[in-house]
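To keep things clear, I will list the structure first and then write my remarks on it.
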Amino acid sequence: MENASILIVDDEKAIVDMIKRVLEKEGYRNILDAASAEEAIPVVKANKVDLIVLDVMMGGMSGFEACTLIREYSDAPIFFLTARSSDADKLSGFAVGADDYITKPFNPLELAARIRAHLKRTYQSKETSSNQTYTYDYFTFSPQNAELIVGGEAVACSAQLLQLLQYFCEHPNVVLSKDQIYEKVWGYPSYGDNNTVMVHIRKLREKIERDPSNPEYIVTVRGLGYRFIPNPEGKRS
């Protein structure tokens, strides 16, 4: 995990240097940095980046715009770093493809812990992925190959959404709370952060459901959480 490539994108050099120092103390050696979103795009194109820490408010292209472009080349987890902390801002960030949201001012040790937890979860998911392919009426999912086929066509999906889908597939017909999903998929306590789970489930529904507004596979259990139904309405794969 210490061999992971981490890209830090922020126009404040002091913040970049602080994050790099903390990550280096944690044992990470492959740390890249960029001073702008425009500078970050070619770095992502030229390197296999495992995780990106991306500032939202920078001169020129914003982090939101950069995230959308990065998603064309990479499914690496993206942690937004920003002073904008409203729920609306967080929802906007998750909507464009972010995986986590760190509010300034922040504790660099907490950021390092979140990065480690996320990378650990990603590597564990890859190591434990079996050869099993989950085949349902409308989509097929291969965790080992990170491949999602919906309606006969390959669908691009971020690593975080694939981990979320894998967790649901591994727990069919079980009611899962938002806190439970967050802790298992993101790798650390949710502290009541339900928006993260809700937005990612909405995005996952947009990928796998025939009608995301009337989901068949990932259904809401009011007051409790969500249930994954592998064969809606008695359908058999």
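Here the Cβ of each residue, glycine as well, is placed from N, Cα and C on the backbone.
Feature list (source: Swiss-Prot):
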DNA_BIND  131-230  DNA-binding region
DOMAIN    5-119  domain 'Response regulatory'
MOD_RES   Asp55  4-aspartylphosphate
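Per DSSP, the DNA-binding region (131-230) is made up of 35 helix, 22 strand, 43 coil. Same-chain residues at least 6 positions away in sequence with a Cβ under 8 Å from that of the residue listed as '4-aspartylphosphate' are, in sequence order, Val9, Asp10, Asp11, Glu12, Ile15, Gly63, Phe80, Leu81, Thr82. Taking H, G and I as helix, E and B as strand and the rest as coil, DSSP gives the domain 'Response regulatory' (5-119) the counts 52 helix, 24 strand, 39 coil.
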